[in-house]
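Q: Here it is, the structure, as structure tokens.
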Amino acid sequence: MQEDSIEASTSISQLLRESYLAETRHRGDNERSRAEPSSNPFHFSGPGAAEGGGPEDLPDLSAFLSQEELDESVNLARLAINHDPLERVDEAQARKRLSSDQTKHASKPSFEPAFHQDSSRGPASPKDSPPETKRPQYSSETQSKKVFLNKAADFIEELSSLFKAHSSKRIRPRACKNHKSKTESQNKVLQENSPTFSDLTERRERASVPIPIPADSRDNELNHAIEQREAKRREAELAAGEAAAGDSTPGSSPSSLYYEEPLGQPPRFTQKLRSREVPEGSRVQLDCIVVGIPPPQVRWYCEGKELENSPDIHIVQAGNLHSLTIAEAFEEDTGRYSCFASNIYGTDSTSAEIYIEGVSSSDSEGDPNKEEMNRIQKPNEVSSPPTTSAAIPPAAEAQPLAAQPRVSTVQQCQSPTNYLQGLNGKPIIAAPVFTKMLQNLSASEGQLVVFECRVKGAPSPKVEWYREGTLIEDSPDFRILQKKPRSMAEPEEICTLVIAEVFSEDSGCFTCTASNKYGTVSSIAQLDVRGNEDISDNGALHSANSTTNPAVAEHQPSPLNPQPLSEEQPPKPKLEGVLVNHNEPRSSSRIGLRVHFNLPEDDKDMEASSGSGAANTSQTRPNSFPERFNGQEARIPEPSSPIKEPPPVLAKPKLDSTQLQQLHNQVLLEQQQLQNTSPSSPKESLHMSALNSAPPAVTISSKQVKGPAPQMFNLARPKHFFPASSTSTATVSPSSSPVFTLSNTPQTIQRTVSKESLLMAHPSTQGRSPGGLSIQNEPAPPSPAEPAAPPTAAYSIPSGNQFQPHCVSPTPVSPTGRIQNPVAFLSSVLPSLPSIPPTNAMGLPKSAPSVPSQGLMKKTTKAPQAVSDDYIRETKNSVILDLGKKVNFGDVRSHQQEYKISSFEQRLMNEIEFRLERTPVDESDDEIEHDEIPTGKCIAPIFDKRLKHFRVTEGSPVTFTCKIVGIPVPKVYWFKDGKQISKRNEHCKMRREGDGTCSLHIESTHGDDDGNYTIMAANPQGRISCSGHLMVQGLPIRSRLSPALSHRGRSRMQERDKEPLQERFFRPHFLQAPGDMVAHEGRLCRLDCKVSGLPPPELTWLLNGQPVLPDASHKMLVRETGVHSLLIDPLTQRDAGTYTCVATNKTGQNSFSLELTVVAKEVKKAPVILEKLQNSGVPEGHPVRLEGRVIGMPPPVFYWKKDNETIPFTRERISMHQDTTGYVCLLIQPAKKSDAGWYTLSAKNEAGIVSCTARLDIYAQWHQQIPTPISIRPSGSRYGSLTSKGLDIFSAFSSVESTMLYSCTSRSVVESDEL
């Protein structure tokens, strides 16, 4: 069979050689075909493969390929094995088409073959010349030539495409390059007899997938490829000439061109990555071990993004061990980490989930400042969805984006399908159920918002998030997290949706849906985003150098109607027709400029909504109601482009004396008209609208924008002092005509008043009109750095809800308040002061000239100095006290006004709830009993109404109320700062109604009531809890009065220096506190607590009333997360007692106490031998005892050895005994001669080991019976005479002694023993 194949090879070589000589005459045609690049890679699958073209045909390639080309082709074929399998499906079809085309046109190959005559091949060798009859039979000579020429042409064309692909600039893995150099070095020591490698090589080459040529590199490399081909052709002609001379060497083998290499191995991970949960700030290291031949190249990815070495992330390789280390893990490092390994034989990967636990169990909060900085630095950065595989070669990356598979968030949120098993081993099957529902949230623009719910079910449910019916996918703006259950005892999963920064378009209904094959359940919550109210006069305006003409703006044809979000819109839509530049950083686009008019018909809707801001899309203006300003229909210009730069927010323009005169006359006219109307109380109507008259063109300079507006006061009032409310804000239209709206309730007035308004300079004059309120303020004299500004026009509040302007000003109201001068406003509401002289509407004395000059204005500011400073101080104090009473009265009248806590505090409370639900509690205060095994339908507790957060003043009552439903009726537990509230507590009264409403009432609050209140409901189906925060605030008013004494004549710079006096102050309260603890002596004890307050409080630890001082065993630490810790290491009995932690700042102090019990350390004592073993000897056949006494704590364990060999307990004739006193005995009964030897007793316990050794000798029986006549006499001779005389000698002794006497008669007694 081998001879047949060799002869066939010889004939093929001859045919190819003849074909080559004929083809060299048509070089011109070959040059043209050579210039055509091969764009479609394909396999070699010639038509003759089934006709005998087996592995034996491969040596024929040496007839037209040089040694170097053969080696390189093998290497390139191996490289092609690592080709992306995704392309092989498309290439297979291309190969079929190419194979059929090449069969038709094989007689005209597109590439000129290069022949190389091997000196080992020729008919001169007798082994290579078998008989003619053994050759394979073909139909004709012509057909055989055609078949083999087709095969040769196909393979040559394939090799040519490989060479071209190899010469391109494709980046290959390092492992491939190393492998090539290794192969080339081995080819230098080729050996001659390797008959099997040719078969293996051909199989390798036929299975290879050539690497496609990138289209952009073909033209650049075409000339280089032609030059290389020309050089090889000339070498082939030279070699063909030598072959024609018939030069051959017998004994050479056709397979001498190849050298057999060891087979490669694809990568394989022997140690995979492991998922884990780690606390924030700790060091995280991922380790994996991968093997492969050649050593694979390893790449790391996080959520589809490749990771590289950096100061934060270290990638290390030590042999086959690959490690990824995160030096300090933060919450944004949470994600799926993957490791990909690849070499020329394949790829492998392993992945793991890393969850960074922050303060909360379900947070993914990043640093807002850091995120803001990133948005400013990278405004146009677009995040792409993570890809599932990172092992995509460069050729695949050049494909269109549509060809790449899209990974949806649903896959990331899928839970494992494994079933939890019950106690009987069978899987637990249950439909999903929410153990904690979503909560309605309200936030301001730019805040971080976290939706959290908890769900359980078996199999683990699949969780999806929707906004207004639209599926939310994981992205940097919407992070979706799902924390798997820790164990079967805690089967619930924590599902979290984190919105890094909310905007008004994010308002809407959010739904979390959990489903498995047994059911689906959903939880719905509403998110209300309030407009950004933090635009102050410190340069936050982003637009400048703009000119606006209100007259032109009034005649724009179509109004702007913001469209509400629809279900088909994505979570972050770019709303059409909204003047928001989405290409700008998100911080600059917070100034929403969409216009909303508050109509009388909309007042009810506004009161129902929980928040409305400058960019609120939940309210639209009815088209049928035209607003009229000065008798003209208002027209709002539409933006020319939805991505157009937002129009500038107008600062206050400078008014010259002529304009001041016009304003002054108009205000006086309006005041007279108001006096003629029927007076009405300010409580009846407080609807104010200001507008539509401005200078024809107002130009704002950049200096005006950057600097603070002269009349814009900082009204950033501490939010914890006055009850928060949802009032409408002033919105600015593109036509620079602001619309000012105030809610129609006196509560709004009280809530809107800013405490910092009391810190402003007292106005020189104030005026009131019978029918309304006129609010004015005057400027201070200009400082050297700032120009002087004229006074602002007055805003008057008419009676009735009319959209009729009563004053004219183009100045927008500061978004932090609805009233420009709260001091004047309060003065109008409160009783007027008799010391204030009457003024006109401009705030000037009535005797002032109609056109006041700047000097006269300065003089009028000093008019109140006629009154004594003490009187002014007393009157102001009375005003402020009256204000405090009114505020308190408003709070009591409207009961409790809830306020919104920060997202950070909310997640802290969620963490407390999470731990409380897993902590054993005392018996419930309810008289409700639950069966151990529930029967019938059971429903876990659900909150129909949750607790709210309240801010009250000291001494006010407060009531926490919620409603709980569940079957059976749940038990209820109340906690304050993690400690259960007893029903015997007289201060906190707990009630429960029949409908499930539960309440906790405090009649009179004081400072110690400040904290977190949690209610937990439990029944056999599960537990659920929710929390509310109570902030008890005093009224430290007099300590804040000093800035109110500042004169109007002081400069703005001096007022700015006093701004730190407006700092917020919060009394300390503990967010986290430990309970009573039990610790073991000698170990580490840690007491952790978390406290909040402004300024940050100082903590002091007391033990039984005495301060705990830091020393070698007591350390006080503060972590970055704000957790304070007291470390005691090692713990001693002296550390037991009552610990008290006191937090103190300038507003007060707070404390908690706990009892620390120290368990005594177990006493350990090494064994001690009290009685050692004694050397002894006994006659053979007698029993023997080896005795000793050993003590130790804990009691030791005894081991017996004979000649260093352990004596088993089951050996016959030997028994071991011991008692509680430490006595130990080894009894041998009877003793034999083989028992002689050295015996060792060892005693061992946890503290140590001790041993002792003794010798046992066994004597022969005859050794004791040798008679000694001199010292031996009959034992009974002394008493014989007495006994014969009738005297009973033995009766005179005791039974023991008599027994001894009888026993002595059995043997002779040595005299020395008797003596």
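Numbering starts at 1 and runs along the chain as it is shown here.
Even glycines carry a Cβ here, placed using N, Cα and C.
OK, Swiss-Prot features for this one:
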type	residues	note
COILED	219-240	coiled coil
COMPBIAS	23-35	compositional bias 'Basic and acidic residues'
COMPBIAS	84-104	compositional bias 'Basic and acidic residues'
COMPBIAS	166-180	compositional bias 'Basic residues'
COMPBIAS	184-199	compositional bias 'Polar residues'
COMPBIAS	609-623	compositional bias 'Polar residues'
COMPBIAS	725-741	compositional bias 'Low complexity'
COMPBIAS	779-790	compositional bias 'Pro residues'
DISULFID	Cys288-Cys339	disulfide bond
DISULFID	Cys453-Cys512	disulfide bond
DISULFID	Cys1089-Cys1141	disulfide bond
DOMAIN	267-357	domain 'Ig-like 1'
DOMAIN	432-528	domain 'Ig-like 2'
DOMAIN	941-1025	domain 'Ig-like 3'
DOMAIN	1167-1257	domain 'Ig-like 5'
MOD_RES	Ser99	phosphoserine
MOD_RES	Ser129	phosphoserine
MOD_RES	Thr249	phosphothreonine
MOD_RES	Ser641	phosphoserine
MOD_RES	Ser754	phosphoserine
MOD_RES	Ser809	phosphoserine
MOD_RES	Ser814	phosphoserine
MOD_RES	Ser903	phosphoserine
MOD_RES	Ser924	phosphoserine
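Relative to the rest of the structure, where do these features sit?
A: With a cut-off of 8 Å between CB atoms and residues at least 6 apart in sequence, the same chain places Phe269, Leu273, Leu286, Cys288, Val290, Val298, Arg299, Trp300, Tyr301, His322, Leu324, Ser349, Thr350, Ser351 near Cys339 (disulfide bond), listed in sequence order.
Around Cys512 (disulfide bond), a 10 Å sphere centred on its CB holds 25 further CB atoms from the protein chains shown.
Contacts of Cys1141 (disulfide bond) defined by a Cβ separation under 8 A and a same-chain sequence distance of 6+ are given as Phe1070, Ala1073, Leu1087, Cys1089, Leu1099, Thr1100, Trp1101, Leu1102, His1124, Leu1126, Ser1151, Phe1152, Ser1153, in order along the sequence.
Model confidence over the domain 'Ig-like 2' (432-528) stands at 88, taken as the mean pLDDT rounded to a whole number.
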Q: Compute the C-alpha separation of Cys453 (disulfide bond) from Ser903 (phosphoserine), stating it in Å without decimals.
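A: Rounded to the nearest whole number, the Cα-Cα distance is 15 Å.
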Q: Give the number of CB atoms, excluding that of Cys453 (disulfide bond) itself, located within 10 Å of its CB.
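A: Cβ-Cβ neighbours of Cys453 (disulfide bond) within 10 Å number 24.
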Q: What does the structure give for the C-alpha distance between Ser903 (phosphoserine) and Cys512 (disulfide bond)? Integer Å is fine.
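A: Distance between the two Cα atoms comes out at 19 Å.
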Q: Counting across all protein chains shown, how many other Cβ atoms sit within 10 Å of the Cβ of Cys1089 (disulfide bond)?
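A: Result for Cys1089 (disulfide bond): 21 other Cβ atoms within 10 Å.
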Q: What are the DSSP helix/strand/coil residue counts across the domain 'Ig-like 3' (941-1025)?
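A: For the domain 'Ig-like 3' (941-1025), the helix, strand and coil counts are 3 helix, 51 strand, 31 coil.
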